[in-house]
Amino acid sequence: MSKPFKLNSAFKPSGDQPEAIRRLEEGLEDGLAHQTLLGVTGSGKTFTIANVIADLQRPTMVLAPNKTLAAQLYGEMKEFFPENAVEYFVSYYDYYQPEAYVPSSDTFIEKDASVNEHIEQMRLSATKAMLERRDVVVVASVSAIYGLGDPDLYLKMMLHLTVGMIIDQRAILRRLAELQYARNDQAFQRGTFRVRGEVIDIFPAESDDIALRVELFDEEVERLSLFDPLTGQIVSTIPRFTIYPKTHYVTPRERIVQAMEEIKEELAARRKVLLENNKLLEEQRLTQRTQFDLEMMNELGYCSGIENYSRFLSGRGPGEPPPTLFDYLPADGLLVVDESHVTIPQIGGMYRGDRARKETLVEYGFRLPSALDNRPLKFEEFEALAPQTIYVSATPGNYELEKSGGDVVDQVVRPTGLLDPIIEVRPVATQVDDLLSEIRQRAAINERVLVTTLTKRMAEDLTEYLEEHGERVRYLHSDIDTVERMEIIRDLRLGEFDVLVGINLLREGLDMPEVSLVAILDADKEGFLRSERSLIQTIGRAARNVNGKAILYGDKITPSMAKAIGETERRREKQQKYNEEHGITPQGLNKKVVDILALGQNIAKTKAKGRGKSRPIVEPDNVPMDMSPKALLQKIHELEGLMMQHAQNLEFEEAAQIRDQLHQLRELFIAAS
């Protein structure tokens, strides 16, 4: 089923790309475990990585810091490799509230989650591709370090069907039930099967547009065919087919029985400890909850919160790392960590937060101590599991630089010829008046300005001052949610206002070609917001404009300022030299404003598979407070459908906005009832 990676692009590597590709490939072939690609904004880092994958023909996992950037990368990789398996693996929860206990108020919060069926299917498709093929690129979020079903058990549970094999119909149905497929003769959907005489139709859990028809003659498989579940039209007949489990967490019956005995042993030991410490309530609570889970596992093969018993189900010892997506990646696989200066610290922080919450649950008798082993990987475990790694960032962190021995692959030259901004340092005493005159110059020629301050109070005062002097200005602060933030950025690009003031405007993916000036107030105050890395990221916001300029207001040049200015000058000189040698005139970017709000659109298109155009999704209206319970319930169902539609298109911000509205509506419904 595997094909060689075939790169599809109208462009050939140019600028620094050929040298970067050569050095990365040489490093990988020489066995280097860690390499860092320092690629500035707009230099084509994704294209470079795609070339490395295509040249070396190795299965690859790309880690992104969040779902939105993962969606962007998935869309780009899908365009580069249309004939290969490009997969998407992020958390399948549209909404997730983990179970927790607050001792101070004696409040237990039940686990509550809304699973996105479409993303669950994409996750299953990703692991299937990793097990079956070598031409696979999986774009994943930090969800990749969380526990997943054991690949060995997952492989054991698969159902292999071959034309001519002898198998009883009941045996097939029994195996499908073990794989957690449900029989549904009416509504045929993903993860179900239907039976009509000697014909069994199965809708694979990892597929969104193809189902399998198994035709039996007595106890022999006579024919296997793939068909469109919507139209019923046969697509092709095949000699064999493998049906994967409906979920990553299925376990063979004998393993469940063994796990139940081990759970009973741990329960007995834990009860003894609690009683010795005179914790009678906790002992009773733990016994009741665990016995209920054991009964469910005995009858159904699973229970709510079965992941808390994952240590027993996968046969691991106490403290051993859980199986994750890394266990599905072949030994010669390649790991690419995008925006590594953000992603690496994220990976390091996941374990501690999860541990703190679960320790409280164990202490107060809500869970057995083994629940602590249902966790994300520790950072040292991630390091041990990670294959050869390429870190990609415009501002690599100390960790990446240390791991790659300070030997960084530079990709500074942009094929468009755009130069890094000119940097000026000006005194603090006159910074506000000087900034006002600069803003007026930019506004007169229809260009935009970003201003970063150190404190919320200063940002508010500056915004007020600029408004009083007739400037069109907005203020971006931490209370603004993701969707509104994107709308403010869109309005800035459209020219609804000219100046955006904020405290931390260096978020990755902030892509605004219209911004020609970045002003950094109090640049000489050393700290997190004025570190070398933060300054380079902020200065880079003006790097997509031909007239890009950055003004740093400070009475002295700090070490961080000196390094940031030096690095920007180095990049600028290198680009200028390249432009002169190749006769390139810098070209401004004319990126459509709609792009920034439609990051999930590519994925929705790739998944549509020619089934007609997607309907425009209408935003929900404001809900009157005096609606009847019946009308409220109708509105709740309507918004749930809308939320799922947004989530299916990977428009997570819109889905989250509707989810928050649903919470309010449900509270109103309870009060009205």
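Using N, Cα and C of the backbone, Cβ positions are placed for all residues, glycine too.
In Swiss-Prot, the annotation motif 'Beta-hairpin' applies to 92-115, one of the ranges 92-115, 116-139, 212-235. When secondary structure is read from DSSP and collapsed to three states, Gly39 (ATP binding site) falls in the strand class. Cβ neighbour count for Thr46 (ATP binding site) (all protein chains, 10 Å cutoff from its Cβ): 19. Annotated ATP site Gly39, Val40, Thr41, Gly42, Ser43, Gly44, Lys45, Thr46; additional same-chain residues within 8 Å of its Cβ mean position, judged by their own Cβ, are Thr48, Ala394, Gln411, Arg414. When the binding-site residues Gly39, Gly42 are scored by other C-beta atoms within 10 Å, Gly39 scores highest. For Val40 (ATP binding site), other Cβ atoms within 10 Å of its Cβ number 25. For the motif 'Beta-hairpin' (92-115), DSSP puts the residue distribution at 3 helix, 15 strand, 6 coil.
Neighbour density at the Cβ, taken as the number of other Cβ atoms within 10 Å, is lowest among the binding-site residues Thr41, Ser43 for Thr41. Long-range Cβ neighbours of Gly44 (ATP binding site) (same chain, at least 6 residues apart, Cβ-Cβ under 8 Å): Gly15, Gln17, Gln411, Arg414, Pro415. Lys45 (ATP binding site): 22 other CB atoms within 10 A of its CB, across all protein chains.
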